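> Have a look at the structure that comes next, please.
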Amino acid sequence: MWFEHFERFFDSYYFWRLLKNTIILNAYNLILFPLPIIFALSLNELRNGPFKKWSQTLTYAPHFISVVVVVGMLVAFLDPNTGIINHLIRWLGMDPIPFLTSPDWFRHVYVWSGQWQSLGWGTIIYLAALAGVNPELHEAAKVDGASRFQRIMRINLPSIMPTIVILFILNIGNFMQIGFEKVLLMQNNLNSETSDIIQTFVYETGILEGQYSFAAAIGLFESAINIVLLITVNQIARKVSENSLW
Amino acid sequence: MARFTLSDRAFDRLNTIFVLLVTLIIIYPVIFVVSASISDPHAVNTGKMWLWPVDITFDGFIRVFKNKAIWVGYRNTILYTFVGVCIHLFLLLPAAYALSRKELMAKKFFLWVILFTMLFNGGLIPTYLVVKNLHMVNTMWAIVIPGVVGAWSILVARSFFQQTYQNQLVEASKIDGASDFYLFLRVVLPLSLPIIAVMALFHAVALWNQYFSALIYLSDENLYPLQLILRQILILNEVSADSAASIAGAAQSFADQVKTASLVKYAVIIVSALPLLIVYPFLQRFFVKGVLIGSVKE
């Protein structure tokens with residue numbers, strides 16, 4: 001009796017679809033975790049000057065655009081008839097792609113538009129960590145004849161490794177619950193095969209249909225997965241690299 | 001790595017080109033929206049306009065300014081943001097300051113409780129039920145109160161206080177006979193303007209940009225914040241009737257409506273993001289500072 005709602009959820013035909021979609025979407029996002037690191041390493045190699053400053057200011061900016069506007073821009077840019085992207089695709093001689101109404105494209109659009117928004121902002125912490133790298137290491141490596149690229153890979157990257165590990169753990173901690181508000185905005189009947197995730201399901205059954213207990217149980221299930229993931233990853237990180245949250 | 005035998009200068013050039021490319025890709029959609037907002041919608045929809053404005057027109061903005069719903073949304077958003085930020089600071093600063101002082105009783109316990117909310121929460125439905133049972137649904141408070149102070153903000157402000165004061169200042173004032181309240185209001189706060197600005201800015205941006213709590217808690221259109229109006233216009237494609245009706249007496253054809261829709265879309269994005277766009281270049285360093293204080297691990 002106690003676990004009635006959980007059992008109903010686990011036994012339902014949509015359970016595996018929701019779990020699969022949630023995991024794939026978040027894993028896809030997680031795979032792109034190195035991108036801001038690469039961009040930060042690259043920005044760090046620029047000489048201090050207006051170009052560096054401008055590229056930072058411009059790449060940080062999308063972070064402040066609201067999800068509604070981002071999805072609104074996607075709707076406008078990716079429209080099969082009037083969107084600029086499909087004009088480009090037609091110009092290249094291919095058929096227009098209905099990005100926002102196709103289950104095959106949903107994940108790509110979701111994840112890459114997220115990267116567009118967060119890539120620049122994500123470099124801030126890494127840049128600060130890079131500013132703390134001991135310059136003597138670079139001097140010594142130069143004397144030994146190391147190239148720029150070698151010095152980045154052998155000095156800069158290892159120096160910011162603790163920061164990378166901490167941010168990675170924090171990312172895992174949010175594994176199941178990133179960007180639900182954006183998914184909800186991007187979701188429609190045509191792409192629900194891949195865009196139905198646990199949180200949108202909680203919203204539908206709980207808020208829209210009023211099945212509070214059932215939806216709350218599913219939400220709890222998700223929170224529980226999250227905390228288990230966070231603790232596991234933290235333990236692994238502590239063993240492997242001596243960097244951990246606690 | 002020995003196969004990368006590019007000379008350092010070649011590396012420098014390639015690296016600059018890489019950063020330039022990334023920057024251009026990131027900024028292109030923004031330029032496109034700005035150009036599209038003042039271009040002829042036909043040119044935009046047929047792909048003729050792809051970078052700079054074509055057949056400049058300010059019709060989109062005129063229609064946005066004539067749209068009553070957008071103005072109501074704008075007013076509501078400003079109100080929610082202002083009230084929200086005030087309550088945020090009122091709760092955040094004393095809490096963070098108290099937690100930064102060594103002599104606070106049961107400090108470990110309080111910190112643990114706050115940290116716990118970062119790791120675990122009841123989720124959407126329990127939060128919704130609490131807000132509903134407190135009769136905050138369909139009021140401004142449903143937008144402002146839940147999430148008014150997050151654990152992250154408290155920890156960031158606390159570590160700022162800890163780094164800045166380290167108790168000497170506090171002890172010096174104590175010897176002078178100042179009470180804790182006097183100390184907090186007259187000594188600590190005036191010296192903490194940078195962190196107050198950072199925290200206020202982050203919270204203001206979050207409130208300005210959020211739509212979800214309005215979506216679930218508000219059903220009265222007169223209370224809708226700007227983001228919900230934007231959602232109707234941009235995503236649900238409901239170009240509100242009154243923007244069409246406001247064009248005095250002109251019977252519109254369907255094609256005209258499509259044109260209006262796309263005109264209004266880009267203009268409304270600009271109008272909604274304008275306050276942020278204007279202040280962002282000047283305040284960027286504050287935002288960066290906020291992230292950095294937050295990342296300091298004790």
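Glycine is no exception: its Cβ is also placed from the backbone N, Cα and C atoms.
Okay, so TrEMBL annotates it like this:
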type: DOMAIN; residues: B:74-275; note: domain 'ABC transmembrane type-1'
type: TRANSMEM; residues: B:16-38; note: transmembrane segment
type: TRANSMEM; residues: B:78-97; note: transmembrane segment
type: TRANSMEM; residues: B:109-129; note: transmembrane segment
type: TRANSMEM; residues: B:141-161; note: transmembrane segment
type: TRANSMEM; residues: B:181-208; note: transmembrane segment
type: TRANSMEM; residues: B:263-283; note: transmembrane segment
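Describe the structural context of each listed feature in the structure shown, including burial, neighbouring residues and relevant distances.
Outside the transmembrane segment (B:16-38) by six or more residues, the chain places 44, 49-54, 56-58, 60-61, 266-267, 269-270 with a CB less than 8 A from a CB of the stretch.
Distant neighbours of the transmembrane segment (B:109-129): 99, 146, 150-152, 154-155, 216-217; these residues of the same chain sit at least 6 beyond its ends, with a Cβ under 8 Å from one of its Cβ atoms.
Residues 77, 80-81, 84-85, 88-89, 92-94, 97, 143-144, 153, 156-157, 160-161, 164-165, 169-170, 173-174, 226-227, 275-276, 283, 286-287, 289-290, 293 of the same chain sit 6 or more residues outside the transmembrane segment (B:181-208) yet have a Cβ under 8 Å from a Cβ within it.
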> At a C-beta cut-off of under 8 Å, are there same-chain residues at least 6 beyond the transmembrane segment (B:78-97) that contact it? List them, or none.
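Beyond its ends, the transmembrane segment (B:78-97) has Cβ neighbours at 140, 143-145, 148-149, 153-158, 160-161, 184, 188-189, 192, 196, 199-200, 203-204, 207-208, 225.
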